[in-house]
Amino acid sequence: MAAISPLFLLFLIPIIPLSLLAILALIVRPRPIKIPIKSRHAFITGGSSGIGLALAHRAASEGARVSILARSGSKLEEAKKSIQLATGVEVATFSADVRDYDAVSKAIDESGPIDVLIVNQGVFTAKELVKHSPEDVKFTIDVNLVGSFNVIKAALPAMKARKDRGPASISLVSSQAGQVGVYGYAAYSASKFGLQGLAQALQQEVISDDIHVTLIFPPDTNTPGFEEEQKSRPEVTAIIAASSGSMETEEVAKKAMDGIKAGNFTVSCNFEGFLLSLATTGMSPQRSFWLAFLEVITAGPIRLIALFFQWDWYKAIEKWSKTKTK
């Protein structure tokens with residue numbers, strides 16, 4: 001049997017990854033797209049505070065016509081003034097509960113045709129499932145998941161009917177707790193994991209209408225809601241969550257808006273989030289053949305890293321549990 005020439009091996013080594021890149025460039029779907037923001041209508045739910053308000057500021061500063069929806073009329077008025085003061089842009093405000101489909105539909109109809117829809121509302125309480133009342137669980141899922149269905153369903157007919165307006169976008173703000181379950185977040189994680197299935201199925205349904213879905217995964221973010229939640233979250237939840245650090249709302253909003261404009265299906269906001277997205281990409285669509293290449297070649301090592309994270313978390317839970325039983 002003839003020996004394999006070292007020169008042939010040197011030739012073969014780059015051919016394999018280049019061939020894989022060529023294949024991925026042919027098969028990645030949906031195809032790359034750019035979503036313009038300037039002079040377009042951005043409608044943001046949960047827009048009166050936190051990430052939603054930061055996104056509204058950014059959209060307005062980039063020349064969008066901005067509408068924000070939230071429950072509190074007084075907070076909406078404060079948000080409107082802060083955006084106008086910072087950007088000079090007049091913002092439309094709508095007071096409605098996302099659990100009320102009729103109220104949401106009325107607000108969206110009044111706001112006019114939407115080009116960039118950002119579904120951002122969210123509620124969370126960190127405590128063990130056994131300590132949640134059925135009403136707590138229902139409220140979390142109704143706002144975070146059912147509310148997202150309500151907003152998208154209300155906006156979709158007019159978005160699909162758009163003619164000659166360029167590519168549109170529907171973005172859902174999830175959480176890193178929507179990629180991996182975290183102690184104390186059983187109800188919250190369930191509500192955010194549901195957005196993954198919604199986004200994947202929705203992208204298939206609206207791609208022929210030139211509508212592009214983005215799923216955003218922020219880490220802990222320094223919002224008023226997060227500050228309140230930290231006061232009551234279990235100690236072990238804080239230990240696990242610390243592995244991904246925290247970010248400011250403006251940082252998250254920039255990452256999110258950049259991802260929306262790039263038409264990315266998945267948007268991670270920090271390095272730990274990027275690793276988490278690689279670990280949990282599964283059947284998610286991917287527009288970039290370079291990122292698809294990275295997902296393929298790092299699948300094994302990333303799984304090993306994920307197992308080390310799980311080991312560390314379970315050790316923390318074990319240690320914390322022992323202190324509670326003493």
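Note that Cβ sites are derived from N, Cα and C of the backbone, with glycine treated the same way.
According to the topological domain annotation in Swiss-Prot, Pro6 and Ser82 sit on opposite sides of the membrane. Model confidence over the topological domain 'Lumenal' (1-7) is summarised by a mean pLDDT of 64. Annotation for Ser49 (NADPH binding site): spatial neighbours Ala70, Lys75, Ala79, Thr223, Pro224, Gly225, criterion Cβ-Cβ under 8 Å with sequence separation of six or more. Residues 286-290, 292-293, 296-297 of the same chain, all 6+ positions outside the transmembrane segment (8-28), place their C-beta atoms under 8 angstroms from a C-beta of that stretch. For the transmembrane segment (265-285), the residues of the chain that approach it from at least six positions outside its boundaries are 29-30, 176, 179-180, 196, 199-200, 203, 213-219, 243-245, 247, 251-252, 255-256, 258-259, 294-295, 298, 302-303, 305-306, judged by C-beta separation under 8 angstroms. Under the DSSP three-state reduction, Lys192 (active site, lowers pKa of active site Tyr) is assigned to helix. Across the residues annotated as binding NADPH (Gly46, Ser48, Ser49, Gly50, Arg71, Lys75, Asp97), the two Cα atoms farthest apart lie 17 Å from each other.
When the Cα atoms are compared, Ser174 (active site, proton donor) and Lys192 (active site, lowers pKa of active site Tyr) turn out to be 6 Å apart.
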